[in-house]
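Here the structure comes first, spelled out in structure tokens, and everything after it is commentary.
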Amino acid sequence: MAEEFVTLKDVGMDFTLGDWEQLGLEQGDTFWDTALDNCQDLFLLDPPRPNLTSHPDGSEDLEPLAGGSPEATSPDVTETKNSPLMEDFFEEGFSQEIIEMLSKDGFWNSNFGEACIEDTWLDSLLGDPESLLRSDIATNGESPTECKSHELKRGLSPVSTVSTGEDSMVHNVSEKTLTPAKSKEYRGEFFSYSDHSQQDSVQEGEKPYQCSECGKSFSGSYRLTQHWITHTREKPTVHQECEQGFDRNASLSVYPKTHTGYKFYVCNEYGTTFSQSTYLWHQKTHTGEKPCKSQDSDHPPSHDTQPGEHQKTHTDSKSYNCNECGKAFTRIFHLTRHQKIHTRKRYECSKCQATFNLRKHLIQHQKTHAAKTTSECQECGKIFRHSSLLIEHQALHAGEEPYKCNERGKSFRHNSTLKIHQRVHSGEKPYKCSECGKAFHRHTHLNEHRRIHTGYRPHKCQECVRSFSRPSHLMRHQAIHTAEKPYSCAECKETFSDNNRLVQHQKMHTVKTPYECQECGERFICGSTLKCHESVHAREKQGFFVSGKILDQNPEQKEKCFKCNKCEKTFSCSKYLTQHERIHTRGVKPFECDQCGKAFGQSTRLIHHQRIHSRVRLYKWGEQGKAISSASLIKLQSFHTKEHPFKCNECGKTFSHSAHLSKHQLIHAGENPFKCSKCDRVFTQRNYLVQHERTHARKKPLVCNECGKTFRQSSCLSKHQRIHSGEKPYVCDYCGKAFGLSAELVRHQRIHTGEKPYVCQECGKAFTQSSCLSIHRRVHTGEKPYRCGECGKAFAQKANLTQHQRIHTGEKPYSCNVCGKAFVLSAHLNQHLRVHTQETLYQCQRCQKAFRCHSSLSRHQRVHNKQQYCL
């Protein structure tokens, strides 16, 4: 039976833009992938040769494609170039000769043609340009005229012949018999030569072609031919017209253009040949010229990029948006590739079931199964595909760090790590945030910083709802749930949950000082301390004066090189001087918030305050759907849903931990084992004693100028000063009432909203504050932890105990300004003041008689009740 050949154009399916629009996304993707598989099978049988065309009988000369001659451009090519889909491929930098080759044969308009323009095929095609130029033409001393009439073979040759000029050396590589295969894909039939055995062997990782020089194996005959040239280092293919040598026949197939009218240009510097457009771009590398210079940067666009495309990098024009996640792209090709993540159309490995979004990633992964891993580490037994990776891995065992920094002498294993480290010394921060303008040394740091603006926290804790922007923060948080402390100190056996804390702790035992001063030889534990010390020598060289004397002449103040301009006090570090200067500038608040107008004395406090306005609140709580942050959500959920399995037998109070129950039982036992050595005050818990002892030991350097009260923290002083100044920066949006503290405003707003988040589990009563709920629970439990030391009477609230103790002491702190009468309670004073003001707030509804206090009204109403009872 005679073999019948069918061209691709006969079996191809033509689709218009209207046909593609009718196909859905899922059907279109299925059609695309199936067509791609068929197309790749065809190209395995007969790789494309875009540079030369010939008839099978060899009667006609080779014709240059449209890429080299304008006369050869067909109408199909022109029509294809103008299509919208082709514009995307030209923007991607695809070879014009490839597209025109496909269009000329009617290949682009078929379903197989479109399928070929895909990531995997084009990446392999463009990544190895010489793969397009491989030819089976053997040049055994033939003239250039004879070169043009060579026959392009339509099948795979059973013998691969390589000629080396005068001394020819032939490698015979046997290939398996080609058998015709019939396919019925896409409602069409076609015959093609396919080597199923060879294809299966490549998939299984077999490499049947072996080099006789070094024994290296290859999966294809042409790869063996290319490898064999590396042994001879000769150029076996010689062009007879100019006697110029080439490494491959493919290079020779391109070179005749210089003799047949095609204009190729040779670089005088390197001797490399180029086409006209490529030669112009190459010359600019020598002259330093940067055409098409962007107004936004000093970098010219690459030669394969149009100026319009280069401007998109500065204008940030991203007109293609993803409907799933809202991410924007500059090209529709990037959007299509991104959408595969949402559709979950994944490619699975048949051996290890690993999945990938792109086919090319699957092919790269399959090479790990097929490749012969001959490089093995003798230390740990790890296997590598390449010897270079093994050498790099062995440096870890040997501790080698060949790349050294010239500034500090620090060494690194990789050159890329050294370059990133050198940016610390040069101050280069190429990665800049578009939101706030902050710059970073590394791109990964910029990505982590952007999550502050977007609120994106991909790393979630499985135990609670808390999420984190960095995996290291998640690991540190998970140690709270597991209570695991895997890092142990070898000296004292103390354990830590974080490796950083262990490193800091070990410095206490070793007392190593790795940082040494080059001037005086003094060593330090921290690098920051060394920098602070080096500034002393820098000031000495500049002749810095303190109180009219040079530092060298005053050894006591040698390291106090930072001087206050107001009181002339000196300090050893700049941070100490900054803290000291706040004493002189106290009350001055130059940093003002743009949102609410609040002013601060320090820039760091302003930044911390601005987070209140820019805070992302992604969670809702309560029936009204109030927006809260993740931290607030955790506190609310832990309060309402936390289990309390440990119950007190005395009062019935429950606890989440047994340690809390043990501490609580000390209240009923009356034990106060922790006693202060200075004031004999006792406490039930050790942490309370530690906090109390700080009141004796710690100084209070911050003094209020109005009343002389001292404070330990500036924030406490600022809150206290609002009492004297009457400042109330927090204003209620409902009624306009102002408050001095933000916590007071939050509690007040619950009156308007009616929110009562704290609910009693016993009776269901709700409260606006957690402290009110705690006091209310004592009604059910009968707990009265506050006991009077004089009479032994117990109270549920501390305020009640304070009022009761005034009976024993006779203290009456509330006095009337009119008559001077004193009272124990402020409520009694308010009632007394109504005597002077004649104010009557409580009125009887029956006789309209008014009273100053509610108790008098209640006694009066009993009169009406008795009269009604008598009637």
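If you go along the chain as it appears here, the first residue is 1 and each next one adds 1.
Here the Cβ of each residue, glycine as well, is placed from N, Cα and C on the backbone.
Taken from Swiss-Prot, the feature compositional bias 'Polar residues' covers 71-81.
The compositional bias 'Basic and acidic residues' feature in Swiss-Prot is assigned to 145-154 (among others).
Among the features that Swiss-Prot reports, compositional bias 'Basic and acidic residues' is placed at 290-317 (among others).
Annotation comment: Swiss-Prot describes LYS148 (among others) as SUMO2 cross-link.
The SUMO2 cross-link annotation in Swiss-Prot covers LYS419 (among others) and is backed by a large-scale study or a structure entry. Counting every protein chain shown, the number of other Cβ atoms lying within 10 Å of the Cβ of LYS419 (SUMO2 cross-link) is 12.
What Swiss-Prot records for LYS549 (among others) is SUMO2 cross-link.
Residues or ranges marked as SUMO2 cross-link in Swiss-Prot: LYS558 (among others).
If you look up Swiss-Prot, you'll see LYS635 (among others) marked as SUMO2 cross-link.
Under the heading domain 'KRAB', Swiss-Prot lists 6-75.
According to Swiss-Prot, the region 'Disordered' annotation covers 47-81 (among others).
Sequence annotations record features per position, and here Swiss-Prot assigns region 'Disordered' to 140-164 (among others).
Taken from Swiss-Prot, the feature region 'Disordered' covers 290-318 (among others).
According to Swiss-Prot, the feature region 'Interaction with SLBP/pre-mRNA complex' maps to 312-552.
Taken from Swiss-Prot, the feature zinc finger applies to 265-286 (among others), supported by sequence analysis. Confidence for the zinc finger (265-286), expressed as mean pLDDT, is 66.
When DSSP labels each residue, the zinc finger (320-342) comes out as 11 helix, 4 strand, 8 coil, counted as helix, strand and coil in that order. Residues or ranges marked as zinc finger in Swiss-Prot (evidence: sequence analysis): 320-342 (among others).
If you look up Swiss-Prot, you'll see 375-397 (among others) marked as zinc finger. The list of residues near the zinc finger (375-397) in space but at least 6 beyond its ends in sequence, with Cβ under 8 angstroms from a Cβ of it, reads 367-368, 413.
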Per-state residue totals over the zinc finger (375-397) - DSSP helix, strand, coil: 11 helix, 4 strand, 8 coil
Secondary structure content of the zinc finger (702-724), with strand meaning DSSP E or B: 11 helix, 4 strand, 8 coil
Residues of the parent chain within Cβ reach of the zinc finger (786-808), under 8 Å, 6 or more residues beyond its termini: 775, 778-779, 824-825
LYS419 (SUMO2 cross-link): secondary structure state under DSSP, collapsed to three categories: helix
